[in-house]
Structures are given as structure tokens and as C-alpha cells.
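Visitor: These came from TrEMBL, pasted as-is:
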DOMAIN    45-202  domain 'GAIN-B'
DOMAIN    212-468  domain 'G-protein coupled receptors family 2 profile 2'
TRANSMEM  214-237  transmembrane segment
TRANSMEM  249-269  transmembrane segment
TRANSMEM  275-299  transmembrane segment
TRANSMEM  319-341  transmembrane segment
TRANSMEM  369-397  transmembrane segment
TRANSMEM  417-438  transmembrane segment
TRANSMEM  444-467  transmembrane segment
COMPBIAS  495-509  compositional bias 'Polar residues'
REGION    495-536  region 'Disordered'
COMPBIAS  511-530  compositional bias 'Low complexity'
Amino acid sequence: KAVDNLGLKLVIRDQTENIVFDSLALTVTKVDGTNFGKTSFTIADPLNPQVTKGLQRQVRAVESSSPLAKITLPASLTENLSPEEKKIASRVQFTFFQKSIFFQDKTLSPEKLNSHILGSSVANLSIKNLRENVIFTLRNKQPVAGNYVASCVFWDFDKNGGLGGWNGNGCSVKNSSTENETVCSCNHLTSFAVLLDISRQGITDRLQATILTFITYIGCGVSAIFLSVTLITYLAFEKLRHDIPSKILIHLCFGLLLLNLVFLLDSWLALYKDAVGLCISTAFFLHYFLLVSFTWMGLEALHMYLAIVKVFNNFMSRYMLKFSLAGWGIPLVVVIIVIAINKDNYGLVSYGKFSDGTTDEFCWLNNNIAFYVAVVAYFCVIFVLNLAMFVVVMIHLRRIKRRNPHNNQYHSSLHDLRSIAGLTFLLGLTWGFAFFAWGPVNLAFTYLFAIFNSLQGFFIFVFHCALKESVRKQWRMYLCCGSLRLAENSEWSRTATQSNHTKKTSIMTADSGSHSVPRSSVSSDDSVPSQGIGSPVDDSVIMLGEANDDVIFNQMNSQIHS
């Protein structure tokens, strides 16, 4: 601002006046605000800045093939000004800063300034929402190659509580950018620069990025459909949702469904760049439902650990209510804190700089600190805990099977693998592919990450609906009609009763010599709910003594009733 005030007070003896210091070049040129013409400012040598008006170039102007900086003001620059303001707009100021001492932004991490700073103003008037954007080019201090991403920014005096900071709103990188210089387009006038971000980078190859985009969107669409089917199934049949694992599964599916829907809409909503509030809201809800999904995966693992390892089958007051408050409440607290600190933590983010110069835009967290704390760290904590509990449970079940070999007659390695695969997707362990998506294996693990996680909802449907006998049984009962349904039910009941009686007799006979079987374990042929405790992949109706397709459920059932 001090430099702008100096330019306003500067006496212009000719058409243009220059002031040059060691680290600053200031050029002021006369213009006609009522008939403004296209004007350019080029600086190849800080000691000799050049101004071009229309098609006429000053005598001393020398075109440089690669200038330090260049800015072009469109002829429509003053069309939004009032008649009084157009009269005031009698001079244009250009500034070039070789040092950034006046532009210190402590929030830049891991981004860094990658160019000199170029500014322009018209008689200290507010120039914004231009019909034709201001185009400027800045030479990069460090070549923008590989996974590096350049972003065009302006100095926002209101940011960081009035201390000022770099802001990218209204600016974008143009396709004509190269490794050595960045071409930017902005819809307002102020001081501009280029930031370089070496973190949070995507695939830079346009073909690979397009393939991954199709995989992700198709996968999310498929997941949304099958998550809806899973929710309808568990909500329609009361017998499927009477235990805790089924209720947790419903909450997880609901969170994942909302996450997929918001994700599918995000890129489309990002096209409305003028609707800043819409983009912030979209990013807010995308962040929230992502954390909700992570949290319910963690609660699923916690319940599995309590049920199998700790054998926590005593009645806990409002067990599911406490889980629900944690599953939906903790993520809400996190996102509220993020937006309360600064609403600009959410907004439009440009991902990737491809070989053709284009970028992808998305409504998401645009603050790196918020991203790494409120997403990466949050996920890492839950992932590590889930993985640890998964390993502990697997080891515990292995020990149980060794101690009770007579209980393994109905299980095979295929059943064990199916149970493990079902838990892997349910607990979100496939998200761990993100940890390996770097270096020479970056592309391979990025594909694995995109495929398995975008299809997480589909795999949940497969392992927890399609392959579960209790779910198939409920659908068969529903789809069959009239006497056929009654006859089939009677046949199922008679078969189940005979099967249970036979198996109970064999179990009691086998255990009479060496085991004492609790009376409550085999005292009834009826379906007995497990006091709200069950396997995350169990059949909802527990038939004591009846063989089950799920090895984890069987081992848990024997734990609970032993």
C-alpha cells in the first residue's frame, strides 16, 4: 500500500515515469479511464521496465523471449467503473518486487513462493469481477516439473486477521504455462505471485489421470447403488438388524452412501466458481462424511475387539446410543473446529498440473495444515487402531480354533478367507494402499487404492448381503408368495429343528466325557439374540449349535456362550 501511495503522488513529466531501487521497480503511466486501451507491462531487466499500450510500443521497449514478469490489462478493465471513477482513473501503476520481505505469509506450508512479485493498480481504485481477465506471466525460480504444482495467487490484505496472506480465489493457471514460467489469469487487480506446492500431488499424466477418474466415478456410482440395496435390506427386515454389528453396519453404509453422493456431485458443483458459499458447503460435507465413514470403521473394529477378545457380553446401558454419538459427533466437532478457525480452509482446490497444462478443480480442504491434521492424521490413527485390533482378533481366533478342534468341522480355508476379506473391507483396511502410493510404485498403488476404495460399498454388499445365508433367506421369504412361502417356511423350520436336535445331541455326547456344557448354551431350539453382541459379519439370527458360514461368528458365538 505504501508503494501504491507513492505512485499516486509521483509527478509524471512524460507519458511514463519509472522509479527503480535495488529490490523494487515502480512504473506509472498515464491512461484515459473513459477510453482505456489494452496495456502491457514487461520487465526483463529490473533496471529497465517497459510499458506497451495498444499496438504501439515505446521506442526503448525491447521484447524478451523470457521476461522476469509480464502483465497485460484488457481494454475492458474500466468498464465496470462509474463515470466519476473513470475520470479518476488517469494513471496505472505497475510494481515489481524482487524480494518478498513485504509479503510474509506464515501459513505457507509446505507451499513456497516460486516467483518474484508483480502488482498493478489503477488510481488506487478497486478493480474486480472483470469480464476479461488480467493475464500475467512470471518466471519460475524453480522449474515446475514432475509432481510439483504451481498455483497463481494474489496478496489478500484481509487474510490472517488483517496481517495479509496469499489467496488463490479468482486466479487460475493457463494451459500455456511451461516448466520455466507460469501464465496466470485473474479477474481482479492487486499484487500477484506464483506458489509452488510439492505435496498432495496427483498423477501428472493426463491419460492415467483420466483413467483413474473414470475408475473412481464409476466405482463410487456402483458403490452408491449397492450401499442403497444393503441399507434397504437391513432396514426392511427387522430380524437382520436386531444385534449391534448389524446396527453398526447400517450406520457405516449410510455414511459411505452420503460420502459417495457428495463426491460424485463435487466436481460438478466446483464449476460454479462464483458461488463460493456452495463450494465451501460441498467441501465441508465431503470432509464430514469422510470422517464419519472412518469413525464407524473404527467403531466396528472396537466392537469386534470387545466382543471376541474381551468377551464383553454384559449389558451396557445405551451401548448403541454411545456409539452413535461417537460415530456422528466426533467428526462434527472436527469439521466445526476447522471451519471456525477459518472458513477459507474449505474452497476450490486445483489438483495436478498435467503435461498439457490443464488442472483438475475440486471443492475440498485448501489449507495444508488442516488437511494433514483433520484428514491424514485422523485417518492414520483409526487405520492403525483398526489394523492392530484386526490382527489381535485373528490371533485370538486362531488360538481358540487350536484349543477346540472339534468346532472346526464345518469350516474350510475358503470360509476363513471369506471372513477375513469381509472384515478387510468393513474395517477400511484397503485405505492403507495410500501409504504405499509413492516412488516407483506410486501408479500401481494409486490404481489399487482407486479400485478397492471406490468399490468399498459394492464389496460390503457382496460379503454382508449376497454371501450371507440369513439375508438370502429373508429375501427368499419375501419374494415367495402365498402358500409357497408358508410351505417353504414350514420346511425350513422343520429342517432347522431336526438339524439342531441332531447337532445338539452330537455335541452333548462329544463333550460329556471332557467338557461341561452350560445349560443356557443348548437349552433351546429357538433363535437367541446374543445380548447385542455379535460378529461384524455374522448371521443375524443365531441358531445355537448350528453351523454357520462365517468362522468369525462361530468362534464368537462359542466364546459368548462358554
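Using the three backbone atoms N, Cα and C, a Cβ is placed for every residue, glycine included.
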Visitor: Using a Cβ-Cβ cut-off of under 8 Å, list the residues of the same chain that are 6+ residues beyond the ends of the transmembrane segment (369-397) and lie near it.
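Guide: For the transmembrane segment (369-397), the list is 107, 109, 200, 287, 290-291, 294-295, 297-298, 301-302, 304-305, 308-309, 334-335, 337-338, 341, 345, 420, 423-424, 427-429, 431-432, 551-552, 555.
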Visitor: Can you tell me which parts of the same chain pack against the transmembrane segment (275-299), counting only residues 6+ beyond its ends and a CB-CB cutoff under 8 A?
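Guide: Sequence-distant neighbours of the transmembrane segment (275-299): 169, 248, 251-252, 255-256, 258-259, 262-263, 265-266, 269, 323, 326-328, 330-332, 334-335, 338-339, 343, 346-348, 363-365, 374-375, 378-379, 382, 385-386, 426-428.
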Visitor: Looking at the stretches 214-237, 249-269, 444-467, which one shares the most CB pairs under 8 Å with the transmembrane segment (319-341)?
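Guide: Comparing 214-237, 249-269, 444-467: 249-269 has the most Cβ pairs near the transmembrane segment (319-341).
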